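Participant: One structure follows; several queries about it will come next.
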Amino acid sequence: MKAAVDLKPTLTIIKTEKVDLELFPSPDMECADVPLLTPSSKEMMSQALKATFSGFTKEQQRLGIPKDPRQWTETHVRDWVMWAVNEFSLKGVDFQKFCMNGAALCALGKECFLELAPDFVGDILWEHLEILQKEDVKPYQVNGVNPTYPESRYTSDYFISYGIEHAQCVPPSEFSEPSFITESYQTLHPISSEELLSLKYENDYPSVILRDPLQTDTLQTDYFAIKQEVLTPDNMCMGRASRGKLGGQDSFESIESYDSCDRLTQSWSSQSSFNSLQRVPSYDSFDSEDYPAALPNHKPKGTFKDYVRDRADLNKDKPVIPAAALAGYTGSGPIQLWQFLLELLTDKSCQSFISWTGDGWEFKLSDPDEVARRWGKRKNKPKMNYEKLSRGLRYYYDKNIIHKTAGKRYVYRFVCDLQSLLGYTPEELHAMLDVKPDADE
């Protein structure tokens, strides 16, 4: 980027051009065109970037991308990233990490967002995303009608290689009675990610109930629109994966970079966003921080329980519910703390430090330090301890995922609808793991 700058208090950017990240120097390099980022030049760079970002407005209008990024579909996010890559000549961007809708993207938080892209590249993208959010305007419309979303000219070759086809609009089903919907059910089950805002605006979410979480052909979800606003097919455009129907994600960043209480979505047989992060791993990948292996060529069918039952290599040394497999099954992306706890709880070799009490979904951390150590190892956080882990657990309280059992030390209970998600009753899992009721009971 080249800019003629008046260094007087009335700072003015006269001209901005396309930015090539390779032009940005390291502290030991000399560059006459672009100054080093110092506290005094930070605002200057921010203004220059903002001026360059203005070029995205034409792209928004051309593709019908809403101005509020929280209302973006996965296709809109994809178009935005591709625009930025071309506009700034960005290097090393892993497009798979951005396969989510705008609500999920905005809900990540800065720290988690920056993990999606290389150094400085993430800062560029985050700066633009923040600017777009602060504008806080309604989605772009033409004559009061929601626009169609033509395919970006940047996307055809790359995303076809990942099996992603043109967006398919799925019409809303008939409204159903919402009175039996709980927040935890809503949190752990498939939802239409296109209409959701970030978790900061959770009170504005529509209530959702799943007609059949195991539909093998089409996505069928009932919507309850708030403020008498009925969702239209345009609001529910979702990418379709030709190599398998995959799950979606909205996420929530907590203290110590916990990937806590991400909104979980469809099983393999469901259709939504977050396409290329859906995985069916081998057991060899369960102790890896990396994403598990890619989907097989065939389309997996059935429930998570069916998947586990069909595993020929399942034995007493392997967890019944491996966290990586559950993350892939739900499409939640990186392994979440609650998924990791389920892995430990369904691994007989871990019963010395964490186990079910025998009372439903209640469990006890017999050695909380060992649980924290293993979580830190899994997330590559060597300073992890129980104090930090418990802070992560507390983020689940308000979400009705996990609650602390009153009067019992290190005892917690899953209060969400795990049975519908996993296909197991707690009694079935207890029998498989030879769990005996806690003597304290």
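Any Cβ shown, glycine's included, is placed from N, Cα and C.
Not measured: the values here are computed from a predicted model.
Here's the feature list from Swiss-Prot:
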type	residues	note
CROSSLNK	Lys8	SUMO2 cross-link
CROSSLNK	Lys15	SUMO cross-link
CROSSLNK	Lys15	SUMO2 cross-link
CROSSLNK	Lys138	SUMO2 cross-link
CROSSLNK	Lys227	SUMO cross-link
MOD_RES	Thr38	phosphothreonine
MOD_RES	Tyr223	phosphotyrosine
MOD_RES	Ser251	phosphoserine
MOD_RES	Ser254	phosphoserine
MOD_RES	Thr265	phosphothreonine
MOD_RES	Ser267	phosphoserine
MOD_RES	Ser270	phosphoserine
MOD_RES	Ser282	phosphoserine
MOD_RES	Ser285	phosphoserine
REGION	130-243	region 'Activation domain'
REGION	304-312	region 'Helix HI-1'
REGION	323-330	region 'Helix HI-2'
REGION	426-432	region 'Helix H5'
Participant: Under 8 Å between C-beta atoms and at least six residues away from its ends: which parts of the chain pack against the region 'Helix H5' (426-432)?
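Facilitator: For the region 'Helix H5' (426-432), the sequence-distant neighbours (Cβ-Cβ under 8 Å, at least 6 residues beyond its ends) are 320, 346, 356, 358, 360-361, 418-419.
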Participant: Could you tell me the mean pLDDT the prediction assigns to the region 'Helix HI-2' (323-330)?
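Facilitator: Per the prediction, mean pLDDT sits at 74 for the region 'Helix HI-2' (323-330).
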Participant: Using DSSP, tally how many residues of the region 'Helix H5' (426-432) sit in helix, strand and coil.
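Facilitator: Once the DSSP states are binned, the region 'Helix H5' (426-432) shows 7 helix, 0 strand, 0 coil.
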